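Found this in TrEMBL, in case it helps:
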- 80-101: transmembrane segment (TRANSMEM)
- 113-137: transmembrane segment (TRANSMEM)
- 206-229: transmembrane segment (TRANSMEM)
- 262-285: transmembrane segment (TRANSMEM)
- 297-317: transmembrane segment (TRANSMEM)
- 323-341: transmembrane segment (TRANSMEM)
- 348-371: transmembrane segment (TRANSMEM)
- 435-457: transmembrane segment (TRANSMEM)
Amino acid sequence: MAKGEGAESGSAAGLLPTGILQTGERPAQVKMRIYLLDVAQVDPFFASIILFVGRAWDAVTDPLVGFFISKSSWTRLGRLMPWIIFSTPLAIIAYFLIWFVPDISWGQTVWYLVFYCLFETLVTCFHVPYSALTMFISTEQSERDSATAYRMTVEVLGTVLGTAIQGQIVGQADTPCLQDSNGSVVASEGANRTHSTTSLKRTQNAYLLAAGVIASIYVICAVILTLGVREHREPYEAQQAEPISFFRGLRLVMNHGPYVKLIAGFLFTSLAFMLVEGNFALFCTYTLGFRNEFQNLLLAIMLSATLTIPFWQWFLTRFGKKTAVYIGISSAVPFLILMALMESNLIVTYIVAVAAGISVAAAFLLPWSMLPDVIDDFHLKQPQSHGTEPIFFSFYVFFTKFASGVSLGISTLSLDFAGYQTRGCSQPARVKFTLKMLVTMAPIVLILLGLLLFKLYPIDEEKRRQNKKALQALRDEASSSGCSDTDSTELASIL
């Protein structure tokens, strides 16, 4: 149930037959598509409406939640923690009801649309403040960077764990490809509709069981977060009046040069890796011919990414964040070229998958690690403007989802123009070539464009050190002023 940093990225893998997707599909929207069509048996047109509206609403909720959080006041629990505490039980209920098949044939579309959008809203109420907590757990840049590294490591692990849990429990939902009477290998359009009543009921119960297990993990993680994290308010912020309005804050944030340049570079690199991720299953299945191996290859990528996030945390501490961005993200290019040139060699494919995971780790970690530096820079240039942290983080998440939507659109349209055969066990040569371009050449071009934009990003290590000293001086001045005010108040009471 992770959300934001690519955890729910769109994917052309939704074009795959369920027999291929079976247990290894990562994007939540692909799982939802399979569930609506094969288990809930919603009409394909209405299933598409549910997913489209849900995805659009999901993107809209990020700035909306950022708007309301920016107007929130500090409480005994903090400023962000109440959002996490009160959204968690409601999100769990909504998540469970998504995977429940109501016995109302006339209202199924409304049921899934309502609870899908409700869940997306509630999980955004969790994820935006959760991400923004980075700015409130410490004033030290190194501690914030360390917290970001831990957060990204656990989010990648959560993605792997969630996929594995649902995949293992619902693994029996399998639809094999069938050969038609003309000898061409195609999937039977009705294969997924011929489940017996007993088998269908068993599949529905499996989805509910998986939802219950994942919801339990959600509760445990939320409790640990609530009990283990305390927000710290900046001394100079405590002396300020009420936070600025959302729209004024939004205007200031979007006019902040480093933020715009970071988002632009992040958008291109995210789109590159989402194209690879979203089409990798199809590429392995049809272009390389590894129908039974793509799930293990995806797992190799994600495990490699998980294990190398600590390495990139050390690297950025030792050599700087911009250097880490250039080396970490550009390291994917040689392996993408190798993937484009190689034949169907399984061992080489696994090597490329592990190496790609190293770059995925850099793409996961580094942009999020750079965002707190941008916010610090903003606070120095706009010292009277506070309460803008949720705006920074909510629009960061929004642009992640925007890249996901663009990736989905590019992939689906490209494969459609190439003549993709829905549910086919083999594809025309044009489709195989298109997949190779989507997984190799297009990401390479996007990575190079993103790195060029990162070159324009102005906050290097020297600038970070200057900002750190300036912020510390501002905090010291605020603390001294606070002490003076306290002394004056005590003196007045004595007199």
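Using N, Cα and C of the backbone, Cβ positions are placed for all residues, glycine too.
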Give the one range among 80-101, 206-229, 297-317, 323-341, 435-457 whose Cβ atoms make the most pairs under 8 Å with those of the transmembrane segment (348-371).
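Result: 297-317.
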Thinking of Cβ pairs under 8 Å, which stretch from 80-101, 206-229, 262-285, 323-341 has the most of them with the transmembrane segment (435-457)?
262-285
Within the same chain, where does the transmembrane segment (323-341) have neighbours whose Cβ lies under 8 angstroms from its own Cβ atoms, ignoring anything closer than 6 residues to its ends? I mean 6 or more beyond.
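Answer is 265, 269, 272-273, 276, 312, 315-316, 348-349, 352, 355-356, 358-363, 366-367, 370, 436, 439-441, 443-444, 447-448, 450-451, 454.
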